[in-house]
Amino acid sequence: MSFNREHDLKLKFKSSKKLKISATFESMDLKEGLLRGIYSYGFEAPSAIQSRAITQIISGKDVIAQAQSGTGKTATFTIGMLQAIDLKKHDLQALVLSPTRELAAQIGKVVTNLGDYMNVKAYAMTGGKTMKDDLKKIQKHGCQVISGTPGRVLDMIKRRLIETRHVQILVLDEADELLSDTLGFKHQIYDIFTKLPRTSQVVVVSATMSPEILEITKKFMNDPVKILVKRDEITLEGIKQYYVNVEKEEWKFDTLCDIYDSLTITQCVIFCNSKKKVDWLAHKLKQSNFAVISMHGDMKQDERDRVMNEFRTGQSRVLISTDVWARGIDVQQVSLVINYDLPEITENYVHRIGRSGRFGRKGVAINFLTKIDASRMKEIEKYYKIKVKPMPADLSELS
């Protein structure tokens, strides 16, 4: 797994305690099977967040970890979690909650891959399948780690289909989304927490962490170690950011077609703010003979899985989506993100454009601005302390 190590090492963190920084995975005193899994997965040395947070998680402390997209946050809590669980016990010991099914499934794969030489039993519980299917697989194979969405996990717990007595660690990934009021996850998280042993460790992870979210964590965390990237470090170095003035909403489509015709794209994600707009744009592009796929939260799970697989394997190069795809989904070859609509939530800007330039690769983000978007763009620039440039007339300069 290739990081932009030069930039990664320059990141400035603020932490609640003086932290030991581990320069190598060997210095973390990890299980031999876990170490083999880490190197087999492609990691060579810990990223900045990994070098600070993994040993804190292993020590059993509650941890709040915040870092940019593409810096190895998922592996951070996964490595800590796999080191902590007792492989001799077949009970559920670790629970990871995420806001989307796709992210929960992806985390499940990371757990399986990193734990490949440990024979760890992990399962992704994401809805879209029957509870009977979930139960059958858990009973057949056993389960030490579950990665799931809050609704499905809570339902399984309430029906006593999964046992939480032995859960040692609860991880909230993309915690700002899980603990906000917008999607209704917060009360589900509280309910799940009350069903766990009082001694359970809590790890909270996200690319953005507002003061409001940090305040909420006090309700269920015990003197957590905070490892936070300083605000001016969140701007995703390595991603060129541009805007193009389109004046009117109806002119966006022609602008998109011009860009599509002019660039050689490895893979691209186009973000819209509504499911209706995603469907409309996908239909319009297909009518114009552009090959695209699309995904949003109203689609059936098997259809979403098919789309994700097509995009992840490179069968499709252009994906149109709502913010359901902005959170943590890792496809290495994405080189371009287009905000057809500027995000309505400021924090989602970094989640969206972080889909390009993964692990230090170069990426490009293009923002379409109508007249009414100009002030919104200024808000985003002010929040992240960045200056987004106008798109050059010669599009070859983008690469």
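Cβ coordinates are placed from backbone N, Cα and C, and glycine is handled just like the others.
From a predicted model like this one, the values you see are computed outputs, not experimental measurements.
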Item to check | The annotated motif 'Q motif' range in Swiss-Prot, which must be one of 23-51, 81-109, 255-283 | outcome: 23-51
Checklist entry - What range among 157-160, 165-168, 173-176, 209-212 does Swiss-Prot record as motif 'DEAD box'? => result 173-176
Next on the checklist: Going by DSSP assignments with H, G and I as helix and E and B as strand, what are the residue counts for the motif 'DEAD box' (173-176)?
Outcome noted: 2 helix, 1 strand, 1 coil
Checklist entry - By DSSP, how many residues in the motif 'Q motif' (23-51) are helix, how many strand, and how many coil? => result 17 helix, 0 strand, 12 coil
Next on the checklist: Limited to the domain 'Helicase ATP-binding' (54-227), I'd like the whole-number average of pLDDT.
Outcome noted: 90
Checklist outcome for this item: If you count the other CB atoms within 10 A of the CB of A67 (ATP binding site), including all protein chains displayed, you should get 27
